[in-house]
Amino acid sequence: MPLGERGGWERSESRYCGVETDFSDDVPSLLSFNISTGGFDYVLALLMNPSYRPSLVEGKGSETQVLPVSGSDLVLAPSQWSSHVVGKISSWIDLDSEDEVLRMDSETTLKQEIAWATHLSLQACLLPTPKGTSCANYARCVNQILQGLTTLQLWLRVPLVKSDGDASEGLTDSWELWNSFRLLCEHDSKLSVALDVMSTLPSETSLGRWMGESVRAAIISTDSFLTNARGYPCLSKRHQKLIAGFFDHAAQVVVSGKPVHNLPKASDSNTEGTQRHTLRSYLDYVAYLFQKMEPLPEQERIELGYRDFLQAPLQPLMDNLEAQTYETFERDSTKYIQYQRAVAKALVDRVPDEKASELTTVLMVVGAGRGPLVRASLQAAEETNRKLKVYAVEKNPNAVVTLHNLVKLEGWEGIVTIISCDMRFWNASEKADILVSELLGSFGDNELSPECLDGAQRFLKPDGISIPSSYTSFIQPVTATKLYNDVKAHKDLAHFETPYVVKLHSVAKLAPSQSVFTFTHPNFSTKANNQRYKKLHFNLPSDGGSALVHGFAGYFDSVLYKDVHLGIEPTTATPNMFSWFPIFFPLRKPVEVHPDSPLEVHFWRCCGSSKVWYEWSVSSPTPTPMHNTNGRSYWVGL
């Protein structure tokens, strides 16, 4: 039965627990014992007798031989095969062996077992760990098989180890092994990894890299469990944290091995008096770990459908937003509280207390939308006892209708003047003391805030205040296998040259973020230069090993006014704010980076007469093609 049941449970994929079994030619009994009696959800079972070798039956009437599979497809209903069995490919196969007979036997057996698994409609098959340090032929054969698969997923079994450079015992760095294999298989989305969790774990940094990989299962040996004071199995704190991370990233746990705990006699039988499954106590502990996880906060639950979902950034300058989009942004109370704080501080600085009843501050909200910044500004005026005159400038005629209704409803007719016009082309009748805008995108300037505010600042007084006063974009390299595969699935260049807004989840952040472009307002230079270039160098932590960079996560941080900040850059992110997801800049070809080889990255913000676009590339350790040259795939229209 599933590890946990909760209404609207947000970790549905990871709530199933499997058990690794020995070969059995009685599959119904195998399922009955492990699922009905044991409580597991599925078995990880060999599909063919492990003693089988094709070369031993050749020339001995092989044309009449029946493959020694675990049982006829008729012994289970198709739905049972699909939901309760994950096939395990014979562990003896070695497709890179120097022994030609073994190599040929291995290739034949692999193809036969995958064909049988496909016939049974299994959802997944576990491939054995590559032997030795070379896996080129193994990967070649798997890649051939992957080309013909439609629904069957292949999991490559990889021990979760990080070597110290000594491969004398055949152990190699688990990530290096996985990366070599999946690159030889052309990053096929039907190939995932199943990690063998050992009693000793690599560093936290090394473990964190796996959260950006397509890990489908964590196979935990009974040898990895400790013993608690009552004699029952438990896991170390580090193992618990790792398993919780896998649960949160849709990976399932599989229990493997023989029982190694001498449990109290009272636990040998269940309430019906029948013999308990020998691994039931391990399953119970895994279920305990699953059930003690904290439920996601309400906002996180709302955003579940956006996790790792690629969205093209908004183009509010070219397109008019819809009511539903406005409503989503207006629900973000944290953002408007910050704006209210910033306006309040600006009003107090602008008008001293002794003149509060005499002076009226002219405040312009440019890009007023449906009025949330107008409301925040008026609340700041009320809070500080300052007099305010507001101009609400909005180009979207549909939003202007809402603004008029709001002003009438709230009785703001004598305070708020609505201007239905593009802020860049409006000729104001008077200068503003404070200019308030909400034009920032996930990357700060990607929705053309610099261009818009450069055009609007002409009606700001020379000593006027812009809110925000500055904003900075940031990037950091990430491993993001799912995002890369989703972009790759489009099979064209344009999608690899498009930055996407995405709620990052199955992502490993490989180095701290670094600043890219900063814009300050007001900017009264003769001609604002919004075309920018930045070269950045990233270094991976030395204790985490190598990693594959699939692209760059982008963020922003802004100074609204003085010490009032707003942003999504991870180290300074505004708590409980959801108006912006990060932006993702993909790489056409992932780059492998080692801790001793800095990653050199180049970013450009380019401006033309009718559009603005980004270009990006990597020059070291391995050069990549230039992305989005001349804005050929993605741009923001002026």
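Even glycines carry a Cβ here, placed using N, Cα and C.
Residues annotated as domain 'PRMT5 arginine-N-methyltransferase' in TrEMBL: 299-467.
Annotation source TrEMBL lists S-adenosyl-L-methionine binding site at Y326, K335, Y336, E394, D422, M423. Close to Y326 (S-adenosyl-L-methionine binding site) in the fold, though at least 6 residues off in sequence, lie G369, R370, A399, T402, each with a CB less than 8 Å from its CB.
Positions annotated as site 'Critical for specifying symmetric addition of methyl groups' by TrEMBL: F329. Sequence-distant neighbours of F329 (site 'Critical for specifying symmetric addition of methyl groups') (same chain, six or more apart, CB under 8 Å from its CB) are K335, G369, P372, S579, listed in sequence order.
Other Cβ atoms within 10 Å of the Cβ of E438 (active site, proton donor/acceptor) number 23 in total over all chains. Annotated active site, proton donor/acceptor per TrEMBL: E438 (among others), in sequence order.
Taken from TrEMBL, the feature active site, proton donor/acceptor covers E447 (among others). On its own chain, E447 (active site, proton donor/acceptor) has P313, L314, Q315, P316, L317, L439, L440, G441, V636 as residues at least 6 apart in sequence with a Cβ closer than 8 Å to its own Cβ.
Among the features that TrEMBL reports, domain 'PRMT5 oligomerisation' is placed at 470-636.
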> If you average the pLDDT over the domain 'PRMT5 arginine-N-methyltransferase' (299-467), what number do you get?
Replying inline: 94
> Hey, how far is E438 (active site, proton donor/acceptor) from M423 (S-adenosyl-L-methionine binding site), Cα to Cα, in Å?
Replying inline: 13
> Cβ distance under 8 Å to Y336 (S-adenosyl-L-methionine binding site), same chain, sequence separation 6 or more: which residues?
Replying inline: P372, L373, R375, A376
>> Excluding near sequence neighbours, so keeping only residues 6 or more apart in the same chain, what lies with its CB under 8 A of D422 (S-adenosyl-L-methionine binding site)?
In response: K395
